[in-house]
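This report refers to the structure that appears directly beneath it.
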Amino acid sequence: MLARKSIIPEEFALPGLASRMPRKPVFRDRVNKARFIAKNGSCNLAHKNIREQGRFLQDVFTTLVDLKWRFTLVIFTMTFLCSWLLFGMGWWLVAFAHGDMDPNRESGIEQCVTNVKSFTSAFLFSIEVQVTIGFGGRMMTEQCPTAIAVLILQNIAGLIINAIMLGCIFMKTAQSHRRAETLIFSRHAIIAVRNNRLCFMLRVGDLRKSMIIGAAVRLQVVRKTTTPEGEVIPIHQIDIHTESAMTSNSIFLLAPLIICHVIDRDSPLYDLSAMELQCSDLEVIVILEGVVETTGITTQARTSYVTEEIQWGHRFVPIVNEEEGIYSVDYSKFGNTVKVATPRCSARELDEKPSILIQTLQKSELSHQNSLRKRNSMRRNNSMRKGGPMRRNNSALVVPKVQFLTPEGSQNMAVT
């Protein structure tokens, strides 16, 4: 049996009408993604399955500097102990070959090294030679050319070991990331309107009085992207420009500064609204580089901001004030922000419809005026409540009129 054909055309049926109705975009919950750069600047990256491990031994000095302190101190101690033991064995062999340890040795034959009669004494003499202590109890004579060669080799080896180990210790104590500990970033980044443009902003500061020469700030957006060919790029780095990078190559980091990125057509944040930003998985990396004024070493401080750490519609509070002829910085308010009127749409929509910004500012001004009116009315009511009983009491105290008669008795004078 054939199905009965409907009288209503298919394009006007309920499924057809529902398919043509405009649908609001559905934002799914964002999946928590591991951040690429931690807040303290460390890279969240693990290197696995490195087959050519010998490449690290080709650059021994950098490998020693990159090691942790406990491993560096163990290597430092073991290097000196092994060198003392090795040359102590050499001095013992020299004395044994010359016959200095023979108890039946004739008294007229001079020794190569005086008072070296065992391996312990040879080890102590090795320490005295390499560290140049020279207690005076043991000394080398000119009887053995082999002993002279061992002395020269030990001195050269000792100088090389001292240079490498002391240089390694110095480089570890003067590493550039130590200076970066006093370069601070705001806990949150903000997006607000500045000069009628939607901007991404953050605050940087330096806690030390010694300056960072030639400081420069770079911003990068890291996100997972897919090319039109279907290639998945898990860590796609996109450089974004700042106002300081457009005008000059460096910033003068004397006081805390607000780094501003104007969200324009070339920005990867151009198509993101406030709701879309919360659902995206992007990460903004901030890199501050410069030369330390006191040491001349290049330092780098890093941090990052994920979408949960980007506040839409906020502004940093001012922290630099002039007090008694000097400028003071209140670091207790370094990361404090206040809410400001900001359109929730994307920068693209704001460029296409400038009236959105005007309407937002008008609404903000009206709400501000209403709040001022409410505040003034509340103050007026409080003042009336406080002054009401006094007025009532004062009105109850009526001073009677007193009449005075003139001597003629024809005119009266009333005095209150």
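Heads up, the Cβ atoms here are built off N, Cα and C, so glycines get one too.
Here TrEMBL flags 37-175 as domain 'Potassium channel inwardly rectifying transmembrane'.
Here TrEMBL flags 71-94 (among others) as transmembrane segment.
According to TrEMBL, the feature transmembrane segment maps to 147-170 (among others). Only residues 6 or more beyond the boundaries of the transmembrane segment (147-170), in the same chain, are considered here, and those with a CB under 8 A from a CB of the stretch are 60-61, 64-65, 72, 76, 79-80, 83, 87, 90-91, 94, 112-113, 126, 129-131, 140-141.
Residues annotated as domain 'Inward rectifier potassium channel C-terminal' in TrEMBL: 183-353.
Sequence annotations record features per position, and here TrEMBL assigns region 'Disordered' to 366-392.
Regional average pLDDT for the domain 'Inward rectifier potassium channel C-terminal' (183-353) in the model is 89. For the domain 'Potassium channel inwardly rectifying transmembrane' (37-175), DSSP puts the residue distribution at 84 helix, 4 strand, 51 coil.
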